[in-house]
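Taken from Swiss-Prot as is:
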type    : residues    : note
BINDING : Asp5, Asp94 : Mg(2+) binding site
DOMAIN  : 2-104       : domain 'PINc'
Amino acid sequence: MIYMDTSALTKLLISEPETTELRTWLTAQSGQGEDAATSTLGRVESMRVVARYGQPGQTERARYLLDGLDILPLTEPVIGLAETIGPATLRSLDAIHLAAAAQIKRELTAFVTYDHRLLSGCREVGFVTASPGAVR
């Protein structure tokens, strides 16, 4: 299972320099039987990004993309974990993404993000990360 935060989902909804490589990488992962997920937070943030920056018709495209993902709920235990997970420099919404991914830790093969703080948090908790197309 691949977890995608909002920085990754945005690249699938709005063309950015990493979009092509991310799509290619996801296609390869899908060919190996990998499913993808985000959290309820990722769903909300993605729809807000499209509302703010998207072109006509992108709302429907975003809904189609999100319908193809497993949407992980933000339960009380997830929110509780978000209060303490990762380094102190991790921002609140990033901590929620990290805690949401922890729900699927056993199945998690990669956490896809382009956020440097979140990458650091992922590594601190032992998640494998991917940022296809990113220059590091």
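Glycine too: its Cβ is placed from the backbone N, Cα and C atoms.
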Residue, out of the binding-site residues Asp5, Asp94, whose Cβ gathers the largest set of other Cβ atoms within 10 Å: Asp5
Model confidence over the domain 'PINc' (2-104) (mean pLDDT, whole number): 96
Residues in the domain 'PINc' (2-104) grouped by DSSP into helix, strand and remaining coil: 63 helix, 10 strand, 30 coil
